[in-house]
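First comes the structure, then the notes that go with it.
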């Protein structure tokens, strides 16, 4: 049955951020992506306004036309590559918040989450990529940054490059009933949101700590670059500034600003607690020099390396990860409180 452009625009306007128009056009991967990201943060949903006619034309192609494109390689797309990177990082951050309590999370859970995010973007539209190679690149990159949240970046980069290298057109398959498609989308949605919801409602205090730690780590990633740090903070404060421009209500906006201030103060205080804890783990006094920190780190790593403590492997691995995390915290430049203002 041919798809109508007017119906597509109507569904885009009514339920675009939830992917209703993509579900109507049979673009289930795109629909799931929009469901999990609320239309790409709203920006992807708005950008699609100009793309809907091509989406409808693609959905109305005959089976013969689809099969004829199967032997060719799709053109390289910078937009798709960047989207794979962003969604891979997004999936990794969600996994870090909701699943980091799992054993071997950095070996199994994190690369799996990032790889699936990259593959989801790779499967948008009439394209796809190789499942095994993409996940394989994610799993091979993960041990190089074991125990560090920053591992999300190189894992996403490696998986995105691999997905682009093995990109191809989807093979023609028979049509499925709407109930089967909805069932599959529902399972995928629950698999993504279930652990996050459980952590939020059943382990609220720990989840807040994970969120603060993840947000702090995310902001600290940009501290090595003079321009990216302020740009990131400006982006996070963008809703407040937009509201000031549009409404200009001093009462509400000042209260709204205080809410953002509380968020930053919470993250800042949590980061300060992490630094104090890091000094304790490395048995250093606060204000130790970088040379002292590095020297103490090398000493403790030699003492607690799991290969040197085979008679107490679990204890050694726990201390080893704590030492690595503490060294990473203290290696980051310290940001003065209130500097984001």
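Each residue's number is its place along the chain shown, starting with 1.
Glycine is no exception: its Cβ is also placed from the backbone N, Cα and C atoms.
Sequence annotations record features per position, and here TrEMBL assigns transmembrane segment to 6-25, 32-50, 78-98, 105-125, 145-164, 185-212, 218-238. What TrEMBL records for 277-341 is domain 'J'.
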*Per DSSP, what is the residue count of the domain 'J' (277-341) in each of helix, strand and coil?*
45 helix, 0 strand, 20 coil
*Looking only at residues six or more beyond either end of the transmembrane segment (105-125), which have a C-beta under 8 A from one in the stretch?*
27, 29-30, 32-33, 36, 55, 58, 80, 83-85, 87-92, 94-96, 99, 131, 134-135, 137-139, 141-143, 145-148, 151-152, 155-156, 159-160, 163-164, 167, 170
